[in-house]
C-alpha cells in the first residue's frame, strides 16, 4: 500500500431532488463512503450512471460539501484548508470542455492570473505542448477549436495551476476514439512525469483497464469494491463487481 | 396660446377612438372586444382615482404625504419586478425593494436637489411625476437584469464551476454573467437615448408642450429626464445584481444545486 493523498471517512452527500412520486425531497447521493486515494496513482472510479461517481469528485475540491463525514488531503481536513488554495492544488476537468470566451492563451492564464501571477508565454507554450497541441493555437479563439482540442486546452488550463491532484470526470466521453486514446496516454504521462495523483471517473471498462492502478467501484452511492486494478479486473471479490464486469449490472 | 381643458363631455367624444379600435377588432375577428371593454373602463377608473389622489396630495402639500406616496410607489414597483421573475426565492422581493429604493432615491435627490433646485423639496408638482418616471424605469431595469442573471447562471453552470475549480471567487466566476445581465437591462435605455426626438417625442415633453410650455423649455426638461432615467436604471440594476448573485452561491464559493421547486 502506498501513501494516501485523500482519505474519506464515513462521508455522506445529500442533495435536493425528487422522489419517485415527483415530490421535492432530500436524496442521498453518497452513503457513508470510507476509502482513500493513493498518492501518485491513477484511481479509476467506476460504476453505472447514477452511482455517485461524479459527485464523489466534486467533494474532493469542495464544489460541494458532504452532509456528514470527514475528508482529508495529506492528512489535513479539507475544511481547515483555504478553499482557493485547495482548488489550486486539486484541479478538475469535466466531460465537456468549459472554456471561457477569449483566446487559448487567456484560458490557460486564467488560474495563475487569479493569484496575481502573469503566466509567461514560454510556460504557456510548454503547457500546450504537454497536452499534445501546437503552440500556434495559443492565439486562436478558444471556440474555434475542435472539441478534442478544447478538451486538451481545458486540461492545460488546469495544469497551469500546478495542481497536485487531477480530477477527471469522464474526460473522453465527448471525444472520438483517437482523441480519447491521446487523453489516456496523457494521463499516464502526467502521472509519471509530474507525479500527479489522478482520480478518473469513467464508465468505460477498457479505459480503466488501460491506465488505472487502483479501482473504486460504486453502485447506488455506496462502495461495492475498492481494489488494485489488476485484482479488480482478474479476480473481483464482490458478486456485483462480477456482474458489472460482464456488463449485466443495471444502474 | 391658450390651454384647452378636457371636460367630461369631451371624454365621451374620445370614445370615438375606442369605437375605431372596436371596429378593427370586430372586422378582423381579433376577439379582443371583451378585453377592450375592460381596458377602456379600467383606464378611466384607474386614472381618475389616481387623479383624485394626486389632487389631495397637491392640495394638502405635506412632506409626509409625499413620502407616503413615494413609499407606496416603491412597494408596488418592487412587487411588480418580483412578480415578473422566472425564478423567485425568499429575499428577492427585498432585494428588488432595496435596489429600486436606493437607485431611485439617489437619482431623485440629484434631480430635485441639484438640477431643478426645487424648494421646498417635497413640492408634489415636481417630485411626484419625476419619482414616477424614475421608479417605473428602475423597476423595468431590475426585472430585466435579474431575469437575465438567473437565465445566464442556469445556462452557464459548467463555466462557472470551471472558474470556481480554478480558484476563482464566486464573484469572479459569475462576473461575465453579471455584466451581460447589466448590459441587457441598460440597453433599452441607451437605445432610447440614441433615437429620442428623432423617432418619437417623449410623452412628458409632449405633455409640457400641450400645457403651454415652449418647446425649447420642454426639451430641456426632457434632456434631464432622459439622463435621469439612465442613471436610475444603472444604479438600480447594479445593486440588484450584486445583491442577487450571492443567493446562487454558498459562503464557501460553491454554486448551489439547481432549484427543484420553482415553477412560474
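Just so it is clear, glycine is given a Cβ too, placed from its N, Cα and C backbone atoms.
Annotation source TrEMBL lists transmembrane segment at B:6-27 (among others).
If you look up TrEMBL, you'll see B:63-82 (among others) marked as transmembrane segment.
Same-chain residues lying 6+ beyond the ends of the transmembrane segment (B:94-114) with a Cβ under 8 Å from its Cβ atoms: 74-75, 77-78, 81-82, 121, 126-127, 130-131, 134-135, 138-139, 142-143, 146, 224, 228, 231-237, 239-240, 243-244. The transmembrane segment annotation in TrEMBL covers B:94-114 (among others).
The transmembrane segment annotation in TrEMBL covers B:126-146 (among others).
Counting only same-chain residues 6+ beyond the ends of the transmembrane segment (B:158-178), those with a CB under 8 A from a CB of the stretch are 149, 152, 241-242, 245-246, 248-249, 253-255. Among the features that TrEMBL reports, transmembrane segment is placed at B:158-178 (among others).
Listed as Cβ neighbours of the transmembrane segment (B:184-203) (distance under 8 Å, sequence separation of 6 or more from its ends, same chain) are residues 137, 140-142, 144-145, 148, 219, 222, 225-226, 229-230, 233-234, 237. Under the heading transmembrane segment, TrEMBL lists B:184-203 (among others).
Look at TrEMBL and you will find B:224-248 (among others) tagged as transmembrane segment.
Highlighted: of the candidate stretches B:6-27, B:63-82, B:224-248, B:224-248 has the greatest count of Cβ pairs under 8 Å to the transmembrane segment (B:126-146). Long-range contacts of the transmembrane segment (B:6-27) within the same chain: residues 33, 36, 40, 44, each at least 6 residues beyond the stretch ends and with a Cβ under 8 Å from a Cβ of the stretch.
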